[in-house]
Amino acid sequence: MKVMLRVFLEAKKYWFYLIMALVALIISTIAGFYAPWALRELTSIAMEGHPDFASKAFSIGLLLLLTTALQSGGASISGYLNHHAALHYVADLRTELYTKLQHMGLKFFNKNRTGDLTSRVINDSMEAEILLAHVIPDLVVNILTFIGVGILLFTINVKLALLSLVTIPFLIAITLWQSKYLSPIWNQNSKVRGELSGTVQDNFSGIREIQIFNQQDTEKRKISSLSLKHTKAYLKASFFFETTYPLLAFFTALGSVAVIIYGGLLVERQEATIGDIVAFIMYLNMFYEPVKSFSSIAEMAGNAVAGCRRVFEVMDESPDVKEVPNAKKLSQVHGKIEFRNLSFNYTPEITVLENINLIIEPGQTVALVGTTGVGKTTIASLLNRFYDPHKGSIFIDEIDIKNVTLKSLRDNISMVLQDTFLFNGTVYENIVYGWKDASKEQVIQATKAANAHEFIQELENGYDTIIGERGIRLSGGQKQRLSIARAILRNSPILILDEATSALDTKTEREIQAALDRISKDRTTIVIAHRLSTIRNADKIVVLDGTGIAEIGTHDELIRYHGIYSSLYNSQAS
Ligand SMILES: Nc1ncnc2c1ncn2[C@@H]1O[C@H](COP(=O)(O)OP(=O)(O)OP(=O)(O)O)[C@@H](O)[C@H]1O
């Protein structure tokens, strides 16, 4: 109920449509009450042998035509308006959910599979349409019918009406029992659907690995087992539905049987007319309908509420990286960076960084080196506030990065990563991704600096070539050059190069290295590299070992020191 209420309240923008739909629905439902009444009147005047029967029948027929027109017209107007409101709300909900997801920290994405999140944005959000355009209107129709037809039954004959109430508790008991069991099944069902969609998405992203390692059969089995799990969850729900439905039909029929038998007696005693009995039986079916359909509405609502709950779960998730209230804008910085007493771990069991103290002066190039998994990329991620440190702080130009807006912080930092991510668009669109207003000349300048201009021109459509999902139509080195061009174009005062040249051959690497050295001259640069020959000229080399900094110095100083760096360098040189 809470979820349903939340959907309704959040759809406030569309209340006008929903209210208009409600009015049309009420008119349509009430108009539908007339048909049995018309039959009752017709039977009565026929039985009485009314002299003006034909003209009376004509007026009844006209009225029936009018009410039928109102019934169908109202239903269709209401259906359209409800869908208009519901589908627009779904569009808003999807955008809101997507926006929320965009601002979640990486910790959240480490915990949740992208396929499952996609399923929440695409499928689960659509369940709000079911709630607004189907469940709520159906509930209104049913409540109105139950009350309205109930009044009519009592108006026709109190004794018969009281008798027909006898079956109601049975019908209610069955539907309550059904919905009690159905709700957890629907929750499970949505969860399995998310799992299935997550795995399918993972597999398509990793299709190359599946084919390289010939794991098609294993993956097929995994998908088949998840599909079966989904089927079983559905089957469990339909089991309850299918077993209880005949029971509901039986008790409904029992009500009509009782009315026929007792009604016959009342007609004989002249306490009721034949017209009353005919109309009564017709109304009785309408009267039981809301109780009977309660279970299918409950089923639909259960499914829809489970989907919406999964959407709201993410909406209510508080981001682990938050902006402080009144966060300041970090304007164009000089680029002094200080890590002060910094400690961080991804999981409570393993400490990645402990008590890191490091000052990088504006314009300096500092290289982070150390064995794989020591925490170099983590330092870069902390500087970007993809995560927050558990202890200590990071300052840029003496300002704690926790006190500035995330946008302004990230506007000051460009990153080139080892795993280059490119979007499925043109080469040009990917280069200007960080600065949409760049001119063509600026783009060409950046691609020339990144040694990418030449190969781009040789592509089928030059800068307008579509590069495919994740840049699949480009080589690793080409992708990396585009990502370097993108970072150069962004021209931010802090540049992070995380294994930025690792996918390049030695000749191209040397050429790009020269470009990178040039652009890093007038900005603070953090270089993460395994190939130590690429960072020889850094102003400072920081060697990480264990959870902390083991050595700091220039290349020559560290070589003379004969420590970790010197032995790493010598082992690479030999
Ligand atoms: N998202 C994550 N969740 C949990 N642990 C992580 C996560 N990312 C990294 N780690 C762990 O944190 C440690 C530091 O990782 P990090 O990527 O910073 O190392 P690195 O020095 O950059 O390694 P490499 O040179 O191989 O790129 C590693 O032990 C890694 O397994």
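One is the number of the first residue shown, and numbering goes on along the chain from there.
Note that Cβ sites are derived from N, Cα and C of the backbone, with glycine treated the same way.
What TrEMBL records for 19-303 is domain 'ABC transmembrane type-1'. Residues or ranges marked as domain 'ABC transporter' by TrEMBL: 337-571. What TrEMBL records for 14-37, 57-81, 130-154, 160-177, 245-266, 272-288 is transmembrane segment.
Contact count against the transmembrane segment (14-37) (Cβ pairs under 8 Å) is highest for 57-81, out of 57-81, 160-177, 272-288. When each of the listed stretches 57-81, 130-154, 245-266, 272-288 is scored by C-beta pairs under 8 angstroms to the transmembrane segment (160-177), 245-266 comes out highest. Taking Cβ pairs closer than 8 Å, the transmembrane segment (130-154) reaches residues 4, 7-8, 11, 18, 21-22, 25-26, 29-30, 32-33, 36-37, 78-79, 82-83, 85-87, 89, 160-161, 164, 280, 283-284, 286-287, 289-291, 293-294, 297, 300-301, 303-305, 307-308 in its own chain, all 6 or more past its ends.
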